[in-house]
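Engineer: The structure follows.
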Amino acid sequence: MAELLLGVNIDHIATLRNARGTAYPDPVQAAFIAEQAGADGITVHLREDRRHITDRDVRILRQTLDTRMNLEMAVTEEMLAIAVETKPHFCCLVPEKRQEVTTEGGLDVAGQREKMRDACKRLTDAGIQVSLFIDADEEQIKAAAEVGAPFIEIHTGCYADAKTDAEQAQELVRIAKAATFAASLGLKVNAGHGLTYHNVKAIAAIPEMHELNIGHAIIGRAVMTGLKDAVAEMKRLMLEARG
């Protein structure tokens, strides 16, 4: 069974800051609190439109984090150049549409193998570990292995958004099978998107899961209980699922 880690996404600290154009709340301070509360890493998504996290945030976080930085980004020349210069510990390559509220699905790795292979090589050559954000689909998982990504992050949005218990159970089986298949190919398996305090334990219980990246639910809880308690409670639930 893989060690289970929690990556805390702090994008929405920046969303709140940018809503008023102020210098607060500070994502760097939030990252420090999350680390104190048990976060194993900090995730930020530098979007092309800079709607929350900024280039400055990325630079300062890379210099100040005690744990690991996971930079989510689109596969563009601009973002690849920023990553190579900044050198986060991890880069998670994601699809991105300017009009979307949040990432809506996984990368089509199988449909753009050469582009993904080139991106993975460029990042790997810079000493960055690469993850591909994909749906729980065997074709995409095989493609991820073929293009040289050591990690995948399974998109859990369909599981999180399921309307019925039966639909959610079906999605859980699909994710678990995908995790097993990916591990059989030598890939390390992360997961994220839409995970909450109510649905995280079933995903955390999947033996192959290495890291869960969770943001919106934790930041939402933090508004009510404080960030330190919100992070600690999510980590407790995840580890409880492992017995």
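Cβ atoms here come from the backbone N, Cα and C positions, even for glycine.
Note that the structure is predicted; figures quoted are calculated from it, not measured.
Summarising the annotation, Swiss-Prot assigns active site, proton acceptor to HIS45, GLU72. Per Swiss-Prot, active site, proton donor is recorded for HIS193, and the stated evidence type is sequence analysis. Marked as 3-amino-2-oxopropyl phosphate binding site by Swiss-Prot on the basis of sequence analysis: ASN9, ARG20, GLY194, GLY215, HIS216. For ASP11, HIS12, ARG47, HIS52, THR102, the entry in Swiss-Prot reads 1-deoxy-D-xylulose 5-phosphate binding site, with the evidence type sequence analysis. Summarising the annotation, Swiss-Prot assigns site 'Transition state stabilizer' to GLU153.
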Engineer: Using C-alpha atoms only, work out the spacing between ASN9 (3-amino-2-oxopropyl phosphate binding site) and ARG47 (1-deoxy-D-xylulose 5-phosphate binding site) and round it to an integer in Å.
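Structural biologist: Roughly 13 Å, rounded to the nearest whole number.
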Engineer: Mind telling me which of the recorded positions ASP11, GLU72, GLU153 has the densest Cβ neighbourhood, counting other Cβ atoms within 10 Å?
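Structural biologist: Answer by Cβ density within 10 Å: GLU153.
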Engineer: Report, in whole Å, the straight Cα-to-Cα distance of ARG20 (3-amino-2-oxopropyl phosphate binding site) from HIS193 (active site, proton donor).
Structural biologist: 26
Engineer: Within 10 Å of HIS12 (1-deoxy-D-xylulose 5-phosphate binding site) by C-alpha distance: pick out those among the recorded positions GLU153, GLY215, HIS216, and say none if nothing qualifies.
Structural biologist: GLY215, HIS216
Engineer: Return the single residue from the binding-site residues list (ARG20, ARG47) that has the minimum number of other CB atoms within 10 Å.
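Structural biologist: Counting other Cβ atoms within 10 Å of each of the binding-site residues ARG20, ARG47 gives the minimum at ARG20.
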Engineer: Of all the Cα pairs drawn from ASN9, ARG20, GLY194, GLY215, HIS216, the residues the record ties to 3-amino-2-oxopropyl phosphate, which distance is largest, in Å?
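Structural biologist: About 26 Å separates the two most distant Cα atoms.
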Engineer: Are there recorded positions among ASP11, HIS45, ARG47, HIS52, GLU72, GLU153 that sit within 10 Å of GLY215 (3-amino-2-oxopropyl phosphate binding site), Cα to Cα? If so, list them; otherwise say none.
Structural biologist: ASP11
Engineer: If you measure ASP11 (1-deoxy-D-xylulose 5-phosphate binding site) to HIS45 (active site, proton acceptor) at Cα, how many Å is it?
Structural biologist: 7
Engineer: Just to verify a number: CA distance, HIS45 (active site, proton acceptor) to GLU72 (active site, proton acceptor), in angstrom, no decimals.
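Structural biologist: Answer for this pair: 4 Å between alpha carbons.
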Engineer: Between the binding-site residues GLY194, GLY215, whose Cβ has more other Cβ atoms within 10 Å than any of the rest?
Structural biologist: GLY215
Engineer: Give the distance between the Cα atoms of GLY194 (3-amino-2-oxopropyl phosphate binding site) and GLU153 (site 'Transition state stabilizer'), rounded to the nearest whole Å.
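Structural biologist: With distance taken Cα to Cα, GLU153 (site 'Transition state stabilizer') is 13 Å from GLY194 (3-amino-2-oxopropyl phosphate binding site).
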